[in-house]
Amino acid sequence: MKRLVQIISILFLFFYFQLLPAEPAAAPTSDRKPFYELIAVPTGLTHIQLEAQLEMYKKERHYPPGEEPIIVAVPQVRYIPIYTPIPFHQPETLYYIAPPGGPVKFFDPTCMCESDPEVSRLKKALEQQRLQLERLLSVRSALYNYYLYNKKLPASLTELTEPFPNNYLSEIPFQSSIHGNVPALEETGVIYRPELFNPTQAWQTLDEVFRVGGMREPTFPLMPLEVVVYQSSFRMIVYTGTIPVRSYYIGLGAENRTPLGTYFIKLKVNEPLSQSKVYGTRGLVLSDTDYAIHGTNNPASIGQAISKGCVRLHNFQVEELFSIAPIGTKVTITNNAAPEFRQPNARGYYLKARENEKNPTQVYHWKG
């Protein structure tokens, strides 16, 4: 009898554990791509001096545990500060690479060294990372501006690419868009999860709402894109926080007719209709709708104050601004001089403007 009770107990335990809910399967893991933190360093120092300065820089950066980037240094050039992240700079030469916990490897800072496989690989990786950051910033800025205007996020990313006048962006600049949080799919494209949005921390929570699978982001904060026009310098700089993303020479209004103040981009018009195509290929209308940032059919006017008040760019530059800056982007026009912290523009960021981003029903009369 005692043996029978033991057998029944064993069978009971067997079937009990068979009926327990299974533990969820571990999500497939995939290492995220490394983040390359690009900085400029002074020339004329010894390797030992540069390594000592690098250690001081890393201590000041206070990287979160496990988030220390691969640091890539370039020789300092004009207008670029030392020991400050410059994620939107595309270097021609490299000085060294410093992986976390690894030895520093130095390169010839005077050599483009395209035939060196490691230098070539690093330059390509930096370019790809820069492009991904630009895409990420553009879409997150569009989502943020959409929320500020509509008091909600779009149900789908495609709502950002509606026809004029609701064309926040010309397209979503990623190959595939994934809605949901299926771990096996996160490495193949972008993840959009508006249910994670917190209106009390609107910009901060967009880090989780919209992200790129497998992409490691910088430890320094990214902020919504904004534009600052420096009248006395004939310079426009596109920023994320204090970090320059793009920098352009501009044309301005004669006799200080370009109005100082803070505005936002209200409309984006592909090939705005005008007399004699005076506005060039793109127009970004400011919240004071008498004025716009637009192209020109007179390239010689860039760097001069001869317009009626609008801000002029070369057509290829206004096409880039049209591509990256969504509706709602803050625009500040100041008489201050542009800071020296600016950098050579990287390869252009262009999205193909759509036919339905035109406004065939209106001939514009901006103070251009």
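The backbone N, Cα and C atoms fix where each Cβ goes, glycine too.
If you look up TrEMBL, you'll see 225-334 marked as domain 'L,D-TPase catalytic'. The feature active site, proton donor/acceptor is assigned by TrEMBL to His294. The active site, nucleophile annotation in TrEMBL covers Cys310.
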Looking only at C-alpha atoms, tell me how far His294 (active site, proton donor/acceptor) is from Cys310 (active site, nucleophile), rounded to the nearest Å.
-> 8
If you count Cβ atoms within 10 Å of the Cβ of His294 (active site, proton donor/acceptor), leaving out that atom itself, what do you get?
-> 29
Using DSSP reduced to three states, classify the residue listed as 'active site, proton donor/acceptor' as helix, strand or coil.
-> strand
What is the total of other Cβ atoms whose distance to the Cβ of Cys310 (active site, nucleophile) is within 10 Å?
-> 25
Using DSSP three-state counts, the residues of the domain 'L,D-TPase catalytic' (225-334) come to 22 helix, 51 strand, 37 coil
